Structure formats: structure tokens, C-alpha cells
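Lifted from TrEMBL, the feature list:
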TRANSMEM  21-45  transmembrane segment
TRANSMEM  51-69  transmembrane segment
TRANSMEM  81-100  transmembrane segment
TRANSMEM  112-127  transmembrane segment
TRANSMEM  205-225  transmembrane segment
TRANSMEM  231-247  transmembrane segment
TRANSMEM  254-272  transmembrane segment
TRANSMEM  284-303  transmembrane segment
DOMAIN    284-424  domain 'O-antigen ligase-related'
TRANSMEM  324-352  transmembrane segment
TRANSMEM  407-429  transmembrane segment
TRANSMEM  473-491  transmembrane segment
TRANSMEM  511-532  transmembrane segment
Amino acid sequence: MNKKNTKKTIQALTLQADNRVIRSITLAGIAALLFVAPFFRGLFFPSEQRYALLGVIILFTLAFVNNQLIKKDAQLFKHPLDYFIFALPLAYLLSTFSAVNNQLAIDALLKYIMYALFYWTVASTICDEKDIRTILNILYLSSIVVALAGVMTATGIINIEHGFLPSDGGTIASTLQYKNALASMLAAAFIVGLYLLLTNKDYKSVKWVTYLYAAGNFLIAAVFFCTNSNGGYLNLAVFILIYLLFIPPNKKITSLYFTGVSLLGGLLTARIMLKEIAEKNYTAAWLVLLICLLAGLLLSYLYNNLANRQFLAEKLYNKKTNRIALLVSYLTLVLGAIGFITLHPSLMAWFISKLHMHGALERITMYQDAWRMFMERPILGWGGGGWQEAYQAYQSYYYVSAQTHSYYLQVLIETGLVGLLLLVGTWLLLIKITYRLYLSKQTSENTRFLTITSLVVAAALGAHALIDFDLSLASLSLQLYTWFAFLRWLWTREMESAQIKKVEKTNLMRIRTVTIAAVCLALLYCSLSLILSEKYMNRALAALNQNDGRQALTFIDQAIGADPLNADFYIIKGQLLLAAGKREDATAAMEKATRLARYNAEYMAILAGFYNQANLPDKAIAAADKIVKLSPLNLQAYESKARIYIQTAMAELHKGDKTKAEQYLNAVLAIPQQMQEKLAAVPEEKKKLWNNTPLVPSNKIKLNIAQASYFLGRWNDAHRYLNEVSGDQSLQPEVTLWQAVLADKQGDKEHAKQLLTKFEKQNPNQIKEFSFITSLPVLGE
């Protein structure tokens, strides 16, 4: 009997040790992923997200083994929040069946699976509030390093692409490469730093760490104000004021002090630092930042020393005094703002003008266009990447934006009402969890403070995403889901003590374990295949650079084998096959690409060109018309259409079908009218936002009109258009060729010869084109 008891004791101790080891490894992995994620372009691009997914799968596996097999925890999902979060990837899975771009849909699906797995991993790995504090310190440290990296790239120490832009007096975007995303991240980090500073004493951390938090928040505030993000400023202002309301009464004065001095000090530092950076006084800029950090340390030291004196401590930590101080601060802020605006009425006019600035109106237009897309597919949406693929077919004026600048609207477009309702349900459950924990008598003050901090930071991240695409950066979404996991863990910890632990049958646990193992293996295989496909594609491009078409084709076939849904691969394969003289196979590859990316006007233009080379004029014309349908306000779409129509008309003339040729040539002449009609349908206020190339005939289109006019016998028109575009250096060789053709047809052989000689010098390999063009019949002669 004693031997049996000893054996059970040894087994229990072994399992306990295994539990500690696996949990520690998983917690370290969570911290490492959260720390490094912002340094890979914020994990915005699928190529980086796939590596992150591999890491999350490994961490999830460790957490599952620890939670289900060692701890024997029968409940996989412990709160309705779990179901909502895991249901969102299912909504993306459903939307893939009707997605307009299969590759983008798969990438979005894998991204949301990663978020859900990471959420569960964090919630299942945390053991106590110290674990949460450890993760918060890592998030805070990561933000500090990102902020420093931004200053380093602004001062030329390191080079981060798009990490610093000299526009608007200087804008820091750091490793996230997008200023609004950096502002959102730093706003969250500022609140985290304030929380860590205020609770350092409660968790019995060493005293001097408080000074580091103060200095860190000075740095974060300084770089935050270097982002020039209006939305970020407003977002932090709103949520810091909300946060101060819910801070424990005995900490309000302290929080007001550190918030005020950090933000004011950071603002002053940012203005001076950006000025020095603009003048390339980089040493002075670093000196200003160093003074800012030292000021943070000094002000923290002075406050803490004064606060520890008995006559002040009684006042500073008195709940009633703290509440009065907060009320007075808010009243002073409101009255001060009203007084300032009264004394400076022009400020209000400036503020109103900001509300109507270009960026705001542009986003409103995007939201209107997005709503039109949603109304066309309201239930399951367009699939992942639906906006990116199809928005140009629905835009009210021409703009380029692969993101909707609203995370929730993007989810609505991609997954329809199903996805949006799941998002709304998730936020409602988070608010419910916070409300119940905050009001529960069983909740300690430290837990209550951590709960409200978790919701405020999550809400700050989520609210900014209402008007921007911050959460398209997976690093920020991983942070958001981490806060979700904190709230879920805090709730289950409070509730589990009052519940009887469920016992589940072994067979059911085995079935669940096998199922989850199979899903993880499938995800692992999918991630590795996508990573391999990208490597094969890069090898194919490298082979192309070395003019080794055969090897490039081998590699691109391997890429397609690893990722058969990527339209880009078929584009490359089609071009390689065409170069090899396999026109039918090239056309088939291109058709496959356009089926996988049904709204891609660029792919359709390439396919139309392939059809012409494959002597399929009807298909070429149909594809040319579809280019404009897919992107009706894009000048390049009309350029492609005009080019394809001219090429097809010349092919028909060569075959002797003058009727069809005349039809296509007249269609080219009608393109300016078609463009004018499209432009006339754009409201005047939208036209003012049109910063890109306006929808008027370009030189390329005018050259095509000149060519069409020549073949229709309208030589005066042809001559006029050719003269108009003759100054365009990019078109000079082709213009010279057609001027020679026109001169020859009009009987000016000498001038034609001079032009032809000039053209021959510029393009010796294309001189035979002159003979081909002049051999074609001219209609109306």
C-alpha cells in the first residue's frame, strides 16, 4: 500500500514539474512573440504573418498539452467569449467559398485563426496576476524599443523604410511604417506604463522601477506626439480621461500628476526634437530627448519623496481628497478650453476646417463605397481581402487604398453581417465581464484596477480602429487579443472557485485531443506550404534575373504546387510560357489567374494582351471592356482598353476583316466621350478630392486615337494628335514611327525617310514595324 502511495506521489510531483516547465516555456514564448512582432513591419504582410502563425501553433500545442493532458482540465471553452472569438475564423472560412480572391481569403482566414489560438493560449497559460504583469512589462518594453527605433531612424542612425517622413514637419512611424498604427500602439503603452507605475508598490516591486516607468512614459509621449496623428491624439485624450475616472480613489492625484507632466513634457520635447531633426541637428535632438528622460526621472523622484512625507501622504492618499482633485482637474480643463477658444475664436474655425479636411472626406467616401459593396453581399460578404480586390469597381472617385480605414467596416465587407455581429457580441461580452468584476464584492482592488485597465486599453485599440486600419497590423491585433485573454482569465478565476470542476469521460477527451491535433497539423502544413511557395517564387525571380527561363519555370511550378490559389504565380508562369513560345499554355495560365482574382483589372489587361498574341480577337475585346468595368475611374484602364482595341483592329485589318476593324477603331475614338461621361457622374465635391491623375485622355490614349484616326483616313486628326503628344519623351519612338507612317501615306516620302532614320536610331529592332503598318489598308481611302 505504501509503495502504491509513493508511486502516486512521484507521478503527481512529476506531472506538477512538467506543468511548471511547459507553462514557463509557453509564457516565455508568448512574451517573445509580443515583443518582436512590431519589428517585422507590424506583421502587416502575410509573408511575416505565416511565420508568426507557426509560432502560435507551437505555443497553442504546448498550452493544450499542459492544460488538457497534464492538468486534466476538461473545459476547452470556459466562457461565451471563447465561442465568439473562435466563431469569427469560422465566418471567414464560410466567406472563402464565395471569395473574389482566393489567396487573400486564405491569408485572412489563417490570420484570424492565429488570433483565436493566441487568445486561448494566453488565457490558458496565465497562472496569476504576476504573469499578467510580466506580459505587460514585455509589451511596455517593446513599445519603448519601437519608440527609440523611430527616433533612431529619424536621426539617421538606422534606416527603416517609411520609418520617418519629413512631411508635416516630420512624422515618425518607426518599425510599424504607419504613423496612425504607431500612435495607437503608443497610446496603449502610455496607459500600460501609467498602470505599472501606479501599481508598482502594490506588487512589491523594487522602488526604483517606478522612476523607470515615469521616464518611459516621457519617452512614449514624446514619440507619440511625433506621429502627427490627429486620430491618435483624440483617441488618447478620450481614453485617458475615461481611465482617470476609474482609477482607485487613493491613486487619482498621483495619476493626474504623472499623466499631466508626461504629456506636457512629451509634447514640448516632440516639438523641439522635430525642429532639430528638420534642421539635421541630430545631436541636439538626442540631447533634447535625454533631457526629457532625465526630467521624467527627476520629477518622479521628487514626487515620491514628497508623497512619502507624513503630512502630505495623508492628503495624497486620502480618497476624498483624490476625488475632489480629479473633479477640479476636469472642471479646470473644460473651463480652460472654453476660455481659450473664447479668446482665440480663429481656433474654432481652424478646428471646424480640420473636420472637413481632405483625409476625413476621403475616408467618408470610402465608407460610403464600402457600404455599397456590403449591400451587394450582406450575409457572408466578399471573403478575406474583398475590399482590396474589388473596391475600384465601386469607388465614387479614383483613389488608391487597399484598406477601408475602418477595421469593423472591413470585417463587415469580408464576412458580412455574420462577422460584424460576432465582433459586436465580443465587445458586449467584454463589457459585461468588466462590469461584473468591477462591481463584485469578491473582487480585490488590485484585480478591479487591472480589469478596468484591460478594458480601457482594449477599447483604445479597438476605438481607433473604427477610423483606421491599425488592426490590419497583426502585431496590434495580437496585443488586442491578449487584453481579451486577460479579461477572460480574470473572470474565470473569480468564477471557478464557486463552481464544481467538471469531469469529462476519457473517450471524449481523446476524441477532442485527436481532432485538435489534426487541425494543428493541417494548419502547420498550410503555413509551411505558403512559406515554401514564397521561397520558390523568389528563386524563380532570381533565375529570371539571370535569364534562365527554364529554371524559373521549374521554380514557379513548384510554387504553384505549394500554393495553387495564388494568382500572382500564374501571371509569372504565363509570361514565362509566352517567352518560351507556348502561347496556348500561357493563355491558360493567365485565365486561371483571372479566375482566382476576379476583380483584378491589371491581370485582365495582361490577359487581353495574351489573347491578341494568341489570335483570339473576340476574347481580347471582351477582356478590354472588362478592364474598364472593373476599374471605371482608373485612367490606366482606359489606356489598356485603347491599346488592346488598336492592336485588335490592326490584326483584323491584316486578316482583311475591315468591318470589325472599323468597329474597333471607332470605339477607340469614343473613349474620351466614355471617360467624360464617367467623370460627369462624379459629384463636384468628390472631384476636389481627386489628387491622382484626372480622368482625361492621357498622351497614351491620344496616341491610340491618332493611330485609329490614321486607319480611318482622318489624317488631319491623326496629325493633330501626334503633334500634341510629340513632346512626351516616353512615347517619342512610337510617335516618330507613326509620324513617318502618316508622312509616307500622304506622299511625303522624303520626310518619312528622315523620320524613319531617326526612329531606326532609337529602336533598330523595330524598323520592320513600319513596313507592317504601311502594308495595312486604310479605311475610307
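Backbone N, Cα and C define each Cβ position, glycine as well.
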Exercise. Taking 3+ C-beta pairs under 8 angstroms (sequence gap of 6 or more) as contact, is the transmembrane segment (81-100) in contact with the transmembrane segment (473-491)?
Worked result: yes
For this session: Please give the sequence-distant neighbours of the transmembrane segment (511-532): residues at least 6 beyond its ends with Cβ less than 8 Å from one of its Cβ atoms.
Result: 46, 50-51, 53-54, 57, 60-61, 64, 68-69, 76, 106, 110, 113, 562-563
Problem set entry | Contact call for the transmembrane segment (21-45) against the transmembrane segment (231-247), three or more Cβ pairs under 8 Å | no
